Amino acid sequence: MGDQALSFLKDFLAGGIAAAVSKTAVAPIERVKLLLQVQHASKQISAEKQYKGIIDCVVRIPKEQGFLSFWRGNLANVIRYFPTQALNFAFKDKYKQIFLGGVDRHKQFWRYFAGNLASGGAAGATSLCFVYPLDFARTRLAADVGKGSSQREFNGLGDCLTKIFKSDGLKGLYQGFSVSVQGIIIYRAAYFGVYDTAKGMLPDPKNVHIIVSWMIAQSVTAVAGLVSYPFDTVRRRMMMQSGRKGADIMYTGTVDCWRKIAKDEGRKAFFKGAWSNVLRGMGGAFVLVLYDEIKKYV
């Protein structure tokens, strides 16, 4: 195996392991975030039963659906997240070679910064093409609030993918893809671009204390998450459309979704669950730091 292939494999493994561990840890926060985002577009949650906020959601989920339901959709998320994050990190370094070849970070700061933004955005968009149906299934499973199997819309990952494919075809599994690409480019550009740039400007980037790395990563994930959050809300709402027919369809397209959310719910609706997203971002920051630590040993 060549050095480049070995390096690619190390990136893939380190990124995937770090992601699987952190996503399982923050799965309850992730589910709260998703429910707050999509409840307005859910057929299962009537207006009077909608969650009032993060605390209300955290209290009601175990009472109404059982404690383990906090991890509903987590298996799909881990399966999805392993290749997503691993491919992001692996492709990021490949794109860095393309965008940053021959660039001196100290003498050409803005070109270095722009190159990091481009490599991060391109890495996220590329990996999204491969794993979007899993991301779709994770969202629909997490949004399923039925208590028992008889009340639930889907009985698992395979059932979700099969039902939507039979109903809407491949298009149904890629509902909201275009706005996802827009959001992922903005998020990943900040996530990788600012993180790498900040670390690169330190005196000794390869020997940064883990606390410093975590603080940088925490700031980056919080900012990136808030900036791209409205795109995430719209894509989740579009995902909720798949499997619906006729009068049940809420949005005719992405633009209509943006317009109706702003008009009917107000601009604040684009940021529903955003605070839980900041908390979840601690897991994202942990991924970046853990990835760097794992790479030292593989």
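Here the Cβ of each residue, glycine as well, is placed from N, Cα and C on the backbone.
Features as listed in Swiss-Prot:
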- SER7: phosphoserine (MOD_RES)
- SER149: phosphoserine (MOD_RES)
- SER150: phosphoserine (MOD_RES)
- CYS160: S-nitrosocysteine (MOD_RES)
- 235-240: region 'Important for transport activity' (REGION)
- 6-98: repeat 'Solcar 1' (REPEAT)
- 111-201: repeat 'Solcar 2' (REPEAT)
- 212-297: repeat 'Solcar 3' (REPEAT)
- 235-240: motif 'Nucleotide carrier signature motif' (MOTIF)
- 8-37: transmembrane segment (TRANSMEM)
- 75-99: transmembrane segment (TRANSMEM)
- 110-130: transmembrane segment (TRANSMEM)
- 179-199: transmembrane segment (TRANSMEM)
- 211-231: transmembrane segment (TRANSMEM)
- 274-291: transmembrane segment (TRANSMEM)
For CYS160 (S-nitrosocysteine) and SER149 (phosphoserine), the CA-to-CA distance in whole Å is 13
One should report the C-alpha separation between SER150 (phosphoserine) and SER7 (phosphoserine), rounded to whole angstrom, as 48
Here the modified residues are SER7, SER149, SER150; the one whose Cβ sees the most other Cβ atoms within 10 Å is SER7
Spacing of the two Cα atoms, SER149 (phosphoserine) and SER7 (phosphoserine), in whole angstrom, works out to 44
Grouping DSSP H, G, I as helix and E, B as strand, the residues of the repeat 'Solcar 3' (212-297) number 70 helix, 0 strand, 16 coil
Secondary structure of the repeat 'Solcar 1' (6-98) by DSSP, residue by residue, totals 80 helix, 0 strand, 13 coil
Excluding its own, the Cβ atoms lying within 10 Å of the Cβ of the residue listed as 'S-nitrosocysteine' add up to 25
Under a three-state DSSP reduction, the secondary structure at CYS160 (S-nitrosocysteine) is helix
